[in-house]
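Scroll down for the structure; my scribbles are underneath it.
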């Protein structure tokens, strides 16, 4: 069986992932890491400063990390040095952090993505196809999340923008509009924060007399956890390198 440890194991997402791990016959949950000691499903959770020793003790094959950028920067480097495969769902990295992290983890197999939902990964491919055919349309990206989400725009929205610009070329990202504005070579980006919205993402393609709109809505965080479980079962068999869910799903 594939031994799994979880960073942020005492949090809502970490606990959900742990419960899904024990339901998967390929995986074994052996413990976790958080800001304090504890237990999850009868397995030990240690503070992050003890991660290296904990890895030596329980010998995990995979570490799943859905925490915050600062914590992931530390934990992923430690795990990679120990030869542990990684599944990283943390978002909010600065470009400098992202480059540093990718360099530090390149010698182990890693699945790193801004969204583990199977539906979102299909959605990205639909957006790519539409953008490749509708390059002369005006494009707007709208995303909504719960009031507590820290990063804006979301990592998923940033991936949407990356996908679009790979197809239509570089455009200015226009975050909201105010006053007298003139349409230029841009993509409008609109961020909504409120209530308990799990995650809504919409891409609109506008042309005279018609609009095409693609939308993905997540109704439960379980969709992200399920994707992470698929990645955890896949990644130990992969060669060293950084992958996305596109490889996991065979898209």
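Easy rule for this one: first residue shown is 1, then count along the chain.
Glycine is no exception: its Cβ is also placed from the backbone N, Cα and C atoms.
Of all the Cβ atoms in the protein chains shown, 26 others lie within 10 Å of the Cβ of residue 116 (NAD(+) binding site). Secondary structure at residue 116 (NAD(+) binding site), as computed by DSSP, is coil. Per Swiss-Prot, NAD(+) binding site is recorded for 8, 9, 10, 11, 12, 13, 89, 90, 91, 113, 114, 115, 116, and the stated evidence type is sequence analysis.
According to Swiss-Prot, the feature NADP(+) binding site maps to 36, an assignment based on sequence analysis. The number of other CB atoms found within 10 A of the CB of residue 36 (NADP(+) binding site), across every protein chain shown, is 9. Reduced to three states, the DSSP call for residue 36 (NADP(+) binding site) is coil.
Classification of residue 145 (active site, proton donor/acceptor) by DSSP places it within a strand. According to Swiss-Prot, the feature active site, proton donor/acceptor maps to 145, an assignment based on sequence analysis.
Swiss-Prot lists 146, 155, 156 with the feature (S)-2,3,4,5-tetrahydrodipicolinate binding site, giving sequence analysis as the kind of evidence. All protein chains considered, the CB of residue 156 ((S)-2,3,4,5-tetrahydrodipicolinate binding site) has 23 other CB atoms within 10 Å.
The active site, proton donor annotation in Swiss-Prot covers 149 and rests on sequence analysis.
Sequence-ordered, the extra residues of this chain that approach the (S)-2,3,4,5-tetrahydrodipicolinate site, with Cβ no more than 8 Å from the Cβ center of 146, 155, 156, are 91, 114, 115, 143, 145, 149, 151, 154, 157, 199.
Checked against residue 89 (NAD(+) binding site), the recorded positions 36, 146, 149, 155 differ in C-alpha distance, with 155 being the nearest. Each of the recorded positions 12, 145, 146, 149 was assessed for Cβ neighbours inside 10 Å, and the highest tally belongs to 145. Considering only the binding-site residues 10, 91, 114, 155, the residues lying within 10 A of residue 36 (NADP(+) binding site) on a C-alpha to C-alpha basis are 10. A distance of 11 Å separates the Cα atom of residue 116 (NAD(+) binding site) from that of residue 155 ((S)-2,3,4,5-tetrahydrodipicolinate binding site).
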